[in-house]
């Protein structure tokens, strides 16, 4: 029996669909990264050495290996997409689930519970001329990247980083200061050592305490016993500040003006898997505004049409771009990327050397 025209057309469409599906599957397969178990195992062993990991629990190494494989899959899938502005990689957190990462290194939502003195010092005004790029590292105002360890003390590292910066700008001396003094001694209504805190309260403590010790005199140990070392705390304070102020909130232009003058403490949402495994480039991934991590902005710039903030983190050198992240700047949201413009603040200190002030005319 001869096939009807309709049957011929239907058969042709079915064959065409199969061919198209096979073609699309072939393309997808070509972009996938296939890794065998031996290769992944070797990568895992190398990662363990590089990150000085040693698991004691029975079966813990294998359990972590499974998590490592899941994170490696995420890394391969992310980096295989063309035109990404940033790359992810096997950071120091590659053996943690995202839930574990958030529980250990991030804390409850950070909220501005203590406002500073109202000021328009860095309020952006029409006509202000700001540098296209600023990097306080190049100006010698940023201490090398530190590591908060398994302690939720990001607030202390953020505040101390801003104080180290303004102290260098006003005195010419770059001194590494003590986060541990804040963790041990700044205990009050909000700040709670390894259980989180707010940068403005840290600035307040430094003021009332008459200054803050050096990291050498009061070294960091990532422990939270709630005991202030009175002997160390009573030493001569090395660095003081005059006060602290908030950058006008929800305004990236004002934040840019502030960062053009000094490093600034900010809070961001850092809970995504992409942030956990961030390696390099301009971070443009999805993130919200549930602020859970304190960092310090040490500059800004642009590359390939993408504006970014330069952020010094406190997760050591085996995360990000040697401890730094470039976070997308000038987005169509008043809160800024990951909420960066929601809670910025900075310490104040007099005697700005005119030769060092980048914007003496503003």
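Glycine too: its Cβ is placed from the backbone N, Cα and C atoms.
Per Swiss-Prot, the features are as follows:
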| type | residues | note |
| --- | --- | --- |
| SIGNAL | 1-28 | signal peptide |
| CARBOHYD | 36 | N-linked glycosylation site |
| DISULFID | 151-194 | disulfide bond |
| ACT_SITE | 154 | active site |
| DISULFID | 185-228 | disulfide bond |
| CARBOHYD | 234 | N-linked glycosylation site |
| DISULFID | 287-338 | disulfide bond |
| ACT_SITE | 293 | active site |
| ACT_SITE | 313 | active site |
Inset, instruction - Please compare the disulfide-bonded residues 228, 287, 338 by how many other CB atoms fall within 10 Å of each one's CB, and tell me which has the fewest. - result: 228
Legend entry - Sparsest-packed of the listed recorded positions (36, 313) - C-beta count within 10 angstroms: 36
Legend entry - Neighbour tally for residue 194 (disulfide bond), based on other Cβ positions within 10 Å of its Cβ: 19
Inset, instruction - Around the Cβ of residue 293 (active site), how many other Cβ atoms lie within 10 Å? Please give the count over every shown protein chain. - result: 26
Inset, instruction - Tell me whether residue 36 (N-linked glycosylation site) sits in a helix, a strand or coil according to DSSP. - result: coil
Legend entry - Residue pair residue 228 (disulfide bond), residue 194 (disulfide bond) - Cα distance, angstrom, rounded: 14
Legend entry - Cα-Cα distance linking residue 154 (active site) and residue 194 (disulfide bond), given in Å to the nearest integer: 8
Inset, instruction - Sort out for me which one of 151, 154, 185 has the most neighbouring CB atoms within 10 A, since those are the recorded positions we care about. - result: 154
